[in-house]
Amino acid sequence: CTVIVTRIVTKDLHKPISILFCNLAFSDLFTSFSGFWISVLFITNPDITIFGSKDTLAPYALHAMSILSTIYNLVSIGIERYLAVAESMRTRLRVSRNHSIALVLINWALACFLGCLPLMGWNCLHTEKNLSVLYSPFCVNYLIFIIIPHIVVAFVIPLFTYLGIIIILRKRKLRMKAHGQATGTYKSAEIQVARTSIFIWLLGLISYAPFVAGVIFDATNHQCHTDLYPGIYIFRNCTAMLITTNCLGNPIIYTLKAKSPAAALKALKCPSLSRARACAI
């Protein structure tokens with residue numbers, strides 16, 4: 001909510017990339033809300049989060065939809081940044097607000113369709129075949145279909161985009177150095193991009209790797225719920241906490257990554273500082 005309010009109020013940040021940042025904040029907000037919904041169900045009736053019921057189907061579907069939207073947004077931000085650096089100034093003009101809005105709508109449409117498949121009938125409420133032990137009443141084949149390919153996309157595409165940005169900045173720095181020009185700006189930009197990409201990779205690895213490991217275990221496991229209680233469900237709760245940590249880390253890395261996370265809020269009180277910071281970025 002802080003990111004959304006900051007981006008909306010600060011007029012200098014009304015740019016195409018800011019739309020993607022706000023959309024990422026919305027995705028994180030929905031992820032946290034659905035996680036809170038599942039937690040309330042766990043507190044009020046723990047059995048339904050273990051054996052599954054119709055009550056858990058909607059919050060799990062919302063959780064899957066918000067996670068997919070977050071993945072699409074992270075990939076979109078990486079591609080947009082690559083286009084902004086790789087091509088000429090004309091490319092920046094072509095990546096307009098309308099393009100960003102269209103991309104946001106496409107991301108949400110795809111995330112809603114794939115996330116709501118269990119609500120459309122792809123679930124295991126009335127059968128024990130392919131039933132997920134960790135995320136009942138989801139089916140194991142649905143989890144494999146959704147999670148594994150998207151996690152690969154979320155790691156591979158940002159890898160190439162951010163590495164591409166670093167390589168381009170380094171080539172331009174060497175070209176400027178050969179002509180005897182100052183290279184301090186490109187060196188600073190290269191360090192910032194490298195640092196940001198490392199944070200993204202570490203945050204994604206810490207947040208989603210245990211969840212993916214749980215899905216793989218779910219697909220290869222042939223034991224019933226009672227045999228795995230309570231250890232595997234404690235592990236499941238920990239993976240949910242790590243995904244929530246990702247929702248807390250995204251705003252800090254992408255939008256509030258100044259010397260202090262409160263810097264963006266302080267800029268709202270000083271319009272001149274806000275304009276200077278926007279120009280610097």
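Each residue's number is its place along the chain shown, starting with 1.
In case you wondered, yes, glycine gets a Cβ from its N, Cα and C as well.
Features reported for this protein in TrEMBL:
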- 1-254: domain 'G-protein coupled receptors family 1 profile' (DOMAIN)
- 17-40: transmembrane segment (TRANSMEM)
- 60-79: transmembrane segment (TRANSMEM)
- 100-122: transmembrane segment (TRANSMEM)
- 142-169: transmembrane segment (TRANSMEM)
- 198-217: transmembrane segment (TRANSMEM)
May I ask for the residues of the chain that lie six or more residues beyond the transmembrane segment (100-122) and have a Cβ under 8 Å from a Cβ within it?
16-17, 19-20, 23, 57-58, 60-62, 64-66, 68-69, 72-73, 76, 80, 137-139, 142, 146
Near the transmembrane segment (198-217), which same-chain residues lie under 8 Å Cβ to Cβ, leaving out any that are not at least 6 residues past its ends?
74, 134, 143-144, 147-148, 151, 154-155, 158-159, 162, 232, 235-236, 238-239, 242-243, 245-246, 249-250, 253
